[in-house]
Every structure is written in C-alpha cells, then in structure tokens.
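Q: Let me begin by handing over the structure; questions about it come next.
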Protein chains: 2
Amino acid sequence: VIRGEAQRVPCSPRHRPAGAGMLELPFLPFCALLGGLGAVCVAFVSAWCQRWRGGFAWDGSAQMFNWHPVLMVTGMVVLYGAAALVYRLPFSWSGPKFPWKVLHGALALAAFGLAVLGLVAVFSFHNARGTPNMYSLHSWLGLATVLLFSCQWLAGFVSFLLPWAPAWLRALYKPVHVFFGSTILTLAMVSCVSGINEKLFFSLKNGTTAYSQLPSEAIFANTLGLLILLFGVLVLWALARPDWKRPEPDSVDAHQVPAGASS
Amino acid sequence: VIRGEAQRVPCSPRHRPAGAGMLELPFLPFCALLGGLGAVCVAFVSAWCQRWRGGFAWDGSAQMFNWHPVLMVTGMVVLYGAAALVYRLPFSWSGPKFPWKVLHGALALAAFGLAVLGLVAVFSFHNARGTPNMYSLHSWLGLATVLLFSCQWLAGFVSFLLPWAPAWLRALYKPVHVFFGSTILTLAMVSCVSGINEKLFFSLKNGTTAYSQLPSEAIFANTLGLLILLFGVLVLWALARPDWKRPEPDSVDAHQVPAGASS
C-alpha cells in the first residue's frame, strides 16, 4: 500500500498546482469548438475565393489558383490539426492503440493529399501564364513545410505502423515525431499568413492603395489569417496540455498499483 | 527507503523511455549555438537594410523605416528568446529565484522597448509620406503580437515580481503565462516572415518581376526569414523539453527524499 500511495499522490502526471482545478476543461466540448472554428476557417477561405477572386476551375486560370489557399488551409491546417489530436480523444485511451494509429496516419495522409493538390494548383497557374515559381519567402517556406510533412509522414509510417521497427527505435523517434508535429503545424500557420498577405498585395494593387484603404475583401481575408492563427494556437495548446495526453504503457498512470493491491 | 525509491525510480520528471539517452544534449552548448544563431539573425537583418535598403536614419525617410525590421527581429525574436530561456540556465536552479525573475522581466522589458521603437520607426515613416497605417494582415498581426506581449509583461510583473499576489493566483496564472510565452514568440515569427515577404514585394517590384528573378537581395532576405524560423523553433523546443525545466518547489524533484533518509 505504501508504494502504491507514494506513486499516486505526489507524482501522477495529472498532479497540478493548487488553483489549476479552476482551469479544468473537458476535451470533447473543446474539440467541438475547435471543429467549429476549423469549419469557419474553411468557409472563410472558400468564400474569399468564391466571392472576391472569381470562384474555382481546374484549367490553369486564376480560378485554378483559387484552389491553392482553400486546399492548403483545409489540408495543412484543419485536417492536419484533426490528425494531430486523435490521441487526445478520451475513448482512444483504452483498448488497442493500432486502430487510432491508422486513423492518425490516414487523416495525415488525406491532409498531405490536399496539400499536394494545392501545390499542383499554384504551379499549374504559374506555368500556364509564364510566372516564375519558387521565388518568394512564402513559396520557400510553404514548400519546405510540405516536404518536412512528407518526411514526417513516411518516418511515422515506417516506425509506428509497419511492424518491423524495434522498440528502442520507436522510443527514440517518438519525441522527435511529436515535436515536429507541432513544428510543422507552426510552419503551416506561417505559410498561410504570409500567403494571404502576399495574395492581397497582388490582388488589391492599383499602386497598393486599394489594400491600404481596407476594402471589405481586405478585412475579410485579414480576419481569415487571424482565425487560422487562433485555430493553430488552440491545437498547439491542446497538444501541449499534460492532462489531455494519452497515458502510455510505460507511464506512471498505466502502471498504477491499485490501492491495496500490494498489501 | 521504500517510499523514497518508489518516488524516484518510476516517476521522476527526468524519467524518459529507453533510447532517449541517445538524444541527451547539455543546455549550455545548445545555448551558445542558439546565441550564435540569434547574432546571425541580427547581423542578417542589419546587413539587408544597410547594403540593399540604404542604411539607417531617424527622420521619417525610408532609412527610418529600416530600423523597423532590425528592431523587431532583435527585440521580439532574439532578446525575447533570451528572456524566455532564463529559467533553463542550470545555475539558476539552486538558490533564490527572485534575481532570475528580475533578469527575466528586465530582458523582456528590453525586448518590449525595442519593439515599441520598431513601431515608432514604421509609423513615422508612413506618416511622413502619407501612407496609410494598419491595413495589411502583417500589420494587424504584428500590432496584436506587441499588445499581447505588453499584457503578458504587465500581468507577469504584477503576479510574480510584486509581492502582493497570493500563491493561488500565481499557481493559477503560471501555466497561462508559460503558454502565452511560447504563443507570443510564435506570433512574432509569423509577423517577421510576413513582414519580410511583404517588404520584398514592395522593394523589388517593377511589376514584381525583379523579386521573381531572385536577385541576391531576395535570396539573402528569404534566408533571413528561414533563419528567424529556425531560431524561434529551437527556442520553442528548448522551452518544451521537460528535462531542461527548473525544478519547482512543489515538484517531485524538489521534494525528493534522499535514499536512506526515511530509514
């Protein structure tokens, strides 16, 4: 009993300082709020392209470019955020982890697929009108983010989904995978904001006075940028919260000795 | 002895999975590397403004604007990063915490001072030539970041440096302060990258072909943007590493029962 008590009271990962109880928040309502915010981001970027930028097509025109922001925000921010949060779902904590790994990998793969389509949209648009590719800081950063994401997905697939990786390699790679998960989302947020900013300067130029007079399009798309940041920061916050993390087999919680078990 | 052992072995915050030992890294060499990278960022942004953008003045001209990127990168990224890492210095872990709080607050205040000067530089430049202020997503986000930082500094000063805040309030506010610390750095990185991207489109316009032909200035300033992101991500990584965190008085480490003490 002494050993069980000593483990549980002072050092459970759920132990937090006095007062922290007032900040308790259940995951599922937060998740619903986050889902709503993600849907608002997708609706905003689609409405921007539909109402002010001429809608959508897949023919090398400016309407083809419009798929770029929609697919990038939907894939690299919203779907990516959903993939990152899979292990925070409380009903994923008990039972086998494998199905949740498959869901995590599948959502990330879907996000990657949308990102690749988003890249095809912008490269096709540039190539069709003879605009050079890959010169702006936004383009360097955005491509680097998607490349990092592809490495992250492949390394995660090989290490955690295929059965051949030894336990020591999984243990070594896991904190790296977790850290790069948050980092890639951060880089996606930077890419989206720099891209929206750049697009508004391109679209509302007339000597850049039109953007500077804050027409409704500028207010709408600036707000979209802030909403993407809010969504991303909330995902990063949920990922960092210790008490929303899945208890791991080698953690204290999982090995908890029930009171009385050792007496 | 049983109680002491039970506390130490399975649940020390330093406990990490097998294999993680291979990723051990001492803080001080990492810190030196980070300091070098921060110095490179300041040197790059200064060299960009000096060599390609006409140098510095404080007279409402384009040379006054040039203080804006230099002061923002130096204050909101490099000095801010240094302030955030104060409690990770191993020699700050023993002895009274108060002097390190003063250093943390003083570095953050210096960063805030540079950021305010950086805002004065860009507003004066705009006002002197009649350019509207605060219309781009970069400007909205940048100002929001500095405002959030000022709230964070004031709340931290009142809660942690003045003696009047009750312990429960400090315990309640501390995780919020820590989370917003990383968030504000993230927003500063987004602001810097969107600002560099925007400035290059402004400066290298000629119908935007000059930027698109990647002159040496574009390569140099794009690289600056990537270096700022690398610096910021490394700071966020150092802040998130559990084994670099200062042991708190109510944590397991600080209350560690030395082996044999209870026998």
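Glycine is no exception: its Cβ is also placed from the backbone N, Cα and C atoms.
Nobody curates TrEMBL annotations by hand; they come from automatic prediction.
OK, TrEMBL features for this one:
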- A:33-240: domain 'Cytochrome b561' (DOMAIN)
- A:27-49: transmembrane segment (TRANSMEM)
- A:70-90: transmembrane segment (TRANSMEM)
- A:102-125: transmembrane segment (TRANSMEM)
- A:137-164: transmembrane segment (TRANSMEM)
- A:176-197: transmembrane segment (TRANSMEM)
- A:218-240: transmembrane segment (TRANSMEM)
Q: Can you name the far-off residues of the same chain, 6+ from the ends of the transmembrane segment (A:27-49), with a Cβ under 8 Å from a Cβ of it?
A: 55-56, 66-67, 69-70, 73-74, 77-78, 81-82, 85, 88-90, 217, 220-221, 223-224, 227-228, 230-231, 234-235, 238, 244
Q: Can you say which of A:70-90, A:102-125, A:218-240 has the most Cβ pairs under 8 Å with the transmembrane segment (A:137-164)?
A: A:102-125
Q: Out of A:70-90, A:102-125, A:218-240, which stretch has the largest tally of CB pairs under 8 angstroms to the transmembrane segment (A:176-197)?
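A: If we count Cβ pairs closer than 8 Å to the transmembrane segment (A:176-197), A:218-240 scores highest.
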Q: With pairs restricted to those 6 or more apart in sequence, evaluate whether the transmembrane segment (A:102-125) and the transmembrane segment (A:218-240) have 3+ C-beta pairs under 8 Å.
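A: Taking Cβ pairs at least 6 residues apart, the transmembrane segment (A:218-240) and the transmembrane segment (A:102-125) are not in contact, as fewer than 3 fall under 8 Å.
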Q: In the same chain, which residue numbers or ranges, 6 or more beyond the ends of the transmembrane segment (A:218-240), come under 8 angstroms Cβ to Cβ?
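A: 27, 30-31, 34, 37-38, 40-41, 44-45, 47-48, 52, 73, 77-78, 81, 84-85, 88, 178, 181-182, 185-186, 188-189, 192-193, 196-197, 199-200, 204, 211.
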Q: By Cβ distance under 8 Å, which residues at least 6 away from the ends of the transmembrane segment (A:70-90) in the same chain are close to it?
A: 27-28, 31, 34-35, 38-39, 41-42, 45-46, 49, 56, 100, 103-104, 107-108, 110-115, 117-118, 121, 142, 145-146, 149, 181-182, 184-185, 188-189, 191-192, 195, 224, 228, 231-232, 235, 238-239, 244-246
Q: I'd like to know the mean pLDDT over the domain 'Cytochrome b561' (A:33-240).
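A: It averages 96.
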